[in-house]
Structure formats: structure tokens, C-alpha cells
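Peer 1: Take a look at what Swiss-Prot says about it:
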| type | residues | note |
| --- | --- | --- |
| BINDING | His110, His114, Asp296 | Fe cation binding site |
| BINDING | Leu133, Val134, Ser135, Gly136, Gly137, Asp166, Gly179, Asn268 | substrate binding site |
Amino acid sequence: MRVLAIESSCDETAVAIVEDGKLLSSVLSSQVNIHRKYGGVVPEIAARKHLENILFLLDEALDRASLKIDDIDVFAATQGPGLVGSLLVGLSLAKGLSISLNKPFVAVNHLIGHIYANFLSFPDLEYPFLVLLVSGGHTEILLAEDWNNFKRIGKTRDDAAGEAFDKVARLLGLGYPGGPEVELAARNGNPIYRFPRALNEKGNFDFSFSGLKTSVLYFLKNNPEARIEDVAAAFQEAVIDSLLTKTFAAAKTYGINKIVFAGGVAANTRLRERANEIAKEKDINIYFPPIEFCTDNAAMIAMVAYEKAKRGIFSPIDTNAIPYLSIVSL
């Protein structure tokens, strides 16, 4: 079974093809350089750029897989969450192809796609496992009990971790997107300052990063002589410490010995280093997607679509975008 999937939930336009769960091609066009001057994604511009790029990427994905459009058995696209204008570009194309070629259509939850990015490298990964989903818009700890059964056991009460990186990057005068910029600065810094870790009570697996952001703001006002690199390193350590302390504690509480990392922040090198150190201490198996599949891509969407399609689970052609789709929906 060949599945062609489209991802257009935010500012990356992507198309990928999998055959029986194996990746044949994956292409992507990023808009990061376009949105950088605005300090964030401009929805209207993002949707317009998706329209400009999507057909070229469709042809390129087919060419790289040495396939024609008639060779595709199932078409899929991200349904949400995301920017509604952006989502509609991918959904409209996938549904149009489905109608014109009389092939099934599958709508995919973008967040579950991030989890499934791990199956690209670890196809034999078995349930149950714990998930730390950490990105620009979401920070959650989930118990994955089966391919379509996700139980949320912790979430952010305010800012997502990736959002905190972006906001602190602006405070530090760094560029966009904030995550890579803060990480780069932190490599040349020393985490000599101590920023707060919120919600530390035992058994609480929720996160909070707004207070951390505010703490950095006031620290910079009161300590203008502080090196940006040191502040970046200290902030990064605070975020990573909070993420990993709660995630490994949740694994112990629920008796799970496998932790899967997902989302754009999972590309952070320091997060990976610390996670590996703790995992060795606690004898827990951890899984990270390849760096290129941590951020938005269509390969992860195709993997979810394949799992649904092989079970005969398809979506109605009048499926619409759901900008605030929850991960507990599939």
C-alpha cells in the first residue's frame, strides 16, 4: 500500500510517500527565512506560500519515489492542529486528488504524527510507552497504550516549552526561531545562574514556563552586565531539567520503561544528552526521532495515515480543518 501525505499545518510545506510503512520519499519547503523578519509566523503569508509550493513538492516527491500519481493508493493530509488557512491548502489538495482518482482519503492528527516520527527509525517499537511531546505549541506527557490510544497525564498550564524558547530568545536579542538560537548561544555559555523550576510537588506532571520567562526578564533588567550566552545556558538548563524530571518521574509512577520524545524541541542537543544520561542511570529505554523528522514533515503524517489505512480507517471527503485538534482525537 502506497500512501502520499501532505503536511501544511504551519510554515513548512511537505509531501512524503510511504509504501507498507517504509519511506520512499520526503520533501519539504521551509518558510523560516520569510517569517524571520516578522519574529514569528504570519498566517496569511504562510497560507499563500503553501499554495505557491505545494504542486512543485508533489511532483518532486513522486519523482524521488519513481512513481506516478496513479500509483498512489491512499491520499492523506494533516487535519489539525495548526493555522486554519495553512491546513486547508494541504487538505484541499489531498481531498481533490482522492476524488479525482477515486482513492481513499485519510485525515491525520499532526501531534500524533510527531509521535509516529519515531517509527521511521524504530519500526519495532512496541506499546505501551511514555511520550514527551514538546514543541512550539504543545508540551505534554502522554501514556501511549496502543496505536490510537493516548492518555494525557501532564501538560503545560501556560506557555509551551518551544514558545518559552522563542520568547526568551527575543529577550536576549537573538533571532527567530528561538529554539535553535538559544541552543547555539548556550553552547558558548555557562549555566552559572539559577532560574526557577515550577510545579515541583511530587506526583504533579504538569509544566509551567511563564514564570521562568518572567524570571529571565527581570534578571536581565537587574543584571545588564550578564553574558547572553550564560543566561541562555541557564534558561535552557531550567527548561530541560523541568521536562526530564517530570517525564522520568511519570515513567516511574506508571511503571513504564520506554520513553519516546517527539516534537521540534526534541531536536535540542542538550536535551538529548541529559535524557541519555538519566536513562542510563534509571535503566530506561529512550527514543528520539532523527533530527530532520523532529520538526514538521510529511513523513510522520504518512506513517500515521498508513496505520489507519491498513486497518480500513478512512476519512469522509467533507472532513474539515480543526485548528485546535487535541491529541486524544485520532
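Positions of Cβ are set from backbone N, Cα and C atoms, glycine also.
Help me picture these features in the structure, burial and contacts included.
Peer 2: Other Cβ atoms within 10 Å of the Cβ of Asp296 (Fe cation binding site) number 27 in total over all chains.
Cβ contacts within 10 Å of Gly136 (substrate binding site), excluding its own Cβ and spanning all protein chains shown: 24.
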Peer 1: Between Asp296 (Fe cation binding site) and Ser135 (substrate binding site), how many Å separate their Cα atoms?
Peer 2: 10
Peer 1: Rounded to the nearest Å, what's the C-alpha distance separating Asn268 (substrate binding site) and His110 (Fe cation binding site)? Just drop the number here, would you?
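Peer 2: On Cα coordinates alone, these residues lie 20 Å apart.
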Peer 1: Under a three-state reduction of DSSP output, how is Leu133 (substrate binding site) classified: helix, strand, or coil?
Peer 2: strand
Peer 1: Which one, from the binding-site residues His110, His114, has the smallest tally of other C-beta atoms lying within 10 Å of its C-beta?
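Peer 2: Looking at the binding-site residues His110, His114, the Cβ with the fewest others within 10 Å is that of His110.
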Peer 1: Quick check: which same-chain residues outside His110, His114, Asp296 lie with their CB within 8 A of the centre of the Fe cation site CB atoms?
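Peer 2: Apart from the listed residues, the neighbours are Glu7, Ser9, Thr78, Leu111, Gly113, Ser135, Gly263, Thr295, Asn297, Met300, Ile301.
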Peer 1: Between the Cα atoms of Gly136 (substrate binding site) and His114 (Fe cation binding site), find the distance and write it as a whole number of Å.
Peer 2: 12
Peer 1: Rounded to an integer, what is the Cα-Cα distance in Å between His110 (Fe cation binding site) and Leu133 (substrate binding site)?
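Peer 2: Cα-Cα distance, His110 (Fe cation binding site) to Leu133 (substrate binding site): 12 Å.
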